[in-house]
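Worksheet: one structure, shown below.
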């Protein structure tokens with residue numbers, strides 16, 4: 001039962017020094033320190049339940065997101081949770097349409113990352129109070145209630161409330177069977193853990209061999225910095241995994257449009273399923289041009305992890321600019337905005353293959369993609385969710401992978417709650433880890 005008035009909101013800057021091991025390095029982000037703005041909301045319900053939310057960053061700039069969260073806090077404090085979820089669309093619009101803050105958005109950039117962190121905490125709180133994981137909260141929700149959580153502004157030319165309701169009502173058919181299937185088998189995943197650009201060939205081989213031993217059949221490799229290096233590394237991985245297993249590539253926005261086509265034409269020999277983020281995430285027509293050139297080579301376009309909002313996704317779908325749509329649980333406006341994108345993808349029959357990894361992204365997005373299969377897409381064809389084996393030990397309810405699949409979480413909430421000792425240790429700049437590292441970095 002939903003209860004309580006939100007009485008406190010706190011936010012902390014939490015950073016993990018992943019750059020020291022080359023973890024997460026790609027063609028554009030060469031030395032990331034995986035980080036998060038970590039939000040905790042409390043109520044006056046005196047039940048001890050807290051809502052925890054995060055948004056993912058790469059180190060520097062996390063303090064800016066923290067500042068934006070604090071700027072949004074007045075929209076949340078002293079609100080009854082019952083009133084928020086009773087008019088979630090209205091609350092979402094209140095957060096995203098602040099008459100002054102929207103000028104540094106609107107619905108994009110730092111202020112939208114902050115919005116995601118706050119809303120993720122609200123969803124975590126709601127699900128915990130209901131005693132359900134978020135995916136189950138969504139699956140059990142009446143289609144009309146789900147629709148009421150979505151802001152359809154700017155997308156009604158593609159998806160109306162009536163369209164969304166029709167999709168969700170159709171999704172009720174066979175829902176119980178699909179839920180049983182997920183609980184038994186899990187949602188298929190692929191691994192990005194073995195092929196970061198910061199890794200040596202020996203490390204790549206070692207991690208790839210271990211992934212094969214662990215049962216992984218789908219692998220992603222980072223490309224885009226140096227063509228000859230890409231050719232060598234892709235050859236290593238393809239030789240190790242064999243011709244039957246799936247290989248994906250990710251350029252992390254490195255190329256201009258003609259360069260993307262030329263580069264991928266040379267990497268086509270390694271038979272990638274897709275090239276991810278081949279160019280600027282804002283260049284819808286550029287993606288469409290690349291798609292038109294590469295689809296005849298059997299290479300699809302995947303993008304979305306840095307798409308600002310539902311409008312960019314709408315245009316990518318309209319322009320036939322992608323074959324695989326990658327939602328992000330912290331880039332878009334939390335569950336609310338992701339619902340609209342899942343529904344648009346269903347309408348266009350484009351498979352959703354979420355971006356994950358980072359700090360807590362796997363923990364969050366598993367809820368969305370499991371809900372998508374059970375209640376929206378009803379298909380696993382060409383669908384797979386990213387998995388990166390980093391930093392899960394810092395979460396109270398970490399993801400569970402079995403047989404290279406995400407097993408549906410059973411603990412109440414959004415799986416966003418971090419261990420307090422981890423937060424204190426990695427808080428920037430005064431946590432134990434950074435008190436040791438910062439003086440050394442300055443010398």
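The chain as shown is numbered from 1 upward.
Note that Cβ sites are derived from N, Cα and C of the backbone, with glycine treated the same way.
As recorded in Swiss-Prot:
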BINDING   24, 25, 26, 34, 220, 252, 276, 305, 355, 356, 357, 386  substrate binding site
MOD_RES   148  phosphoserine
ACT_SITE  222  active site, proton donor/acceptor
BINDING   250, 276, 305  Mg(2+) binding site
ACT_SITE  355  active site
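Mapped onto this structure are the features recorded in Swiss-Prot.
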residue	record	DSSP (3 states)
24	substrate binding site	coil
148	phosphoserine	helix
220	substrate binding site	strand
250	Mg(2+) binding site	strand
276	substrate binding site	strand
305	Mg(2+) binding site	coil
355	substrate binding site	coil
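Note on the recorded positions 24, 148, 220, 357: the fewest other CB atoms within 10 A surround the CB of 148. Take the Cα of residue 24 (substrate binding site) and measure to each of the recorded positions 148, 222, 250: the nearest one is 222.
The subset of binding-site residues (26, 276, 305, 357) lying with their Cα within 10 Å of the Cα of residue 222 (active site, proton donor/acceptor) consists of 26, 276, given in sequence order. Using Cα positions, the member of the recorded positions 148, 250, 305 nearest to residue 26 (substrate binding site) is identified as 250. Highlighted in sequence order, 220, 251, 252, 277, 302, 303, 326, 355 have their Cβ within 8 Å of the centre of the Cβ atoms of 250, 276, 305, the residues recorded for Mg(2+), and are not part of that set. When the Cα of residue 355 (substrate binding site) is compared against those of the recorded positions 148, 250, 305, the shortest separation belongs to 305. Within 10 Å of the C-beta atom of residue 250 (Mg(2+) binding site) sit 27 other C-beta atoms, taking all shown protein chains into account. For residue 220 (substrate binding site), the nearest of the recorded positions by C-alpha distance turns out to be 250; the candidates were 148, 250, 305. Neighbour counts of Cβ atoms within 10 Å were compared across the binding-site residues 26, 276; the minimum falls on 26.
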